[in-house]
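Working notes for the structure below.
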Amino acid sequence: MNYKDIINACILSGVFLLHSPSALADTPSVGVSKGQESLQPAAEGNLWQRLIRNVSLAWNSPHQELYIPVNTWHNRWTYDDEKIASYNERPWGVGYGKYRYDEDNNWHSVYAMAFMDSHNRVEPILGYGYQKMWIPGEREGWRFGAGFTASITARYEYHYIPLPLPLPLISIEYNRLSLQTTYIPGTYNNGNVLFTWIRWQF
């Protein structure tokens, strides 16, 4: 495992995030109270306009997140034993994001992350994440979420050509700590991976 590759990928992802389109940077910051954005209801518009607005608001939020990948589990029902034995399931890496909770307590984030993939090659990913959150009334500090991420990744075997990667998201959160996961669908001996990471908000 080459830690220099991970560091370089994280730096490049961070540079991309910091130099995203000026439309994101021009949106004024919104007020913050106890970790939640004080926002007016979302403006009317088509799906694309709402997506751009949500990305912009997350980008301008003062709240930050650290991402630590912890596991890539390959579905044993869709892989040969030989393949499983050859794959890496410890995706060492790190990521960074900016997030907000909207007026409905739903989570929005823009993020960049880099980790070691199944073949021990560096894989970067960056994108926008959204989750509808449920807050149990009698369990203070807990949140449960389900949603999606619209992301772009790049892999060694595809010569690091950027690839779109929309995926589902679910999470369990307690205060600032979250366990978040996605499932990457695929075919036999390809894809079908449960990817899990820890998210720490600061």
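Residue 1 is the first one shown; counting continues down the chain.
Cβ from N, Cα, C; glycine included.
Residues or ranges marked as signal peptide in Swiss-Prot (evidence: sequence analysis): 1-25.
The active site annotation in Swiss-Prot covers His74 (among others), and the record cites sequence analysis as its basis. Neighbour density for His74 (active site): within 10 A of its CB lie 21 other CB atoms from the protein chains shown.
For the recorded site, Lys83 (site 'Role in lipopolysaccharide recognition'), the DSSP three-state label reads helix. Lys83 (site 'Role in lipopolysaccharide recognition'): 14 other CB atoms within 10 A of its CB, across all protein chains. The annotation site 'Role in lipopolysaccharide recognition' is assigned in Swiss-Prot to Lys83 on the grounds of sequence analysis.
When Cβ atoms from all protein chains are considered, those within 10 Å of Asp117 (active site) total 20, not counting its own. The feature active site is assigned by Swiss-Prot to Asp117 (among others), with sequence analysis given as support.
In the three-state DSSP reading, Ser118 (active site) counts as coil. Taken from Swiss-Prot, the feature active site covers Ser118 (among others).
Marked as site 'Role in the phospholipid gating' by Swiss-Prot on the basis of sequence analysis: Tyr188. The DSSP secondary structure for Tyr188 (site 'Role in the phospholipid gating') is coil.
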Least Cβ-crowded entry, counting other Cβ within 10 Å, from the recorded positions listed as Ser118, Tyr188: Tyr188
Asp117 (active site) versus recorded positions His74, Lys83, Tyr188 - nearest by Cα: His74
Rounded Cα separation (Å) that holds between Tyr188 (site 'Role in the phospholipid gating') and Lys83 (site 'Role in lipopolysaccharide recognition'): 11
Secondary structure of His74 (active site) (DSSP, helix/strand/coil): strand
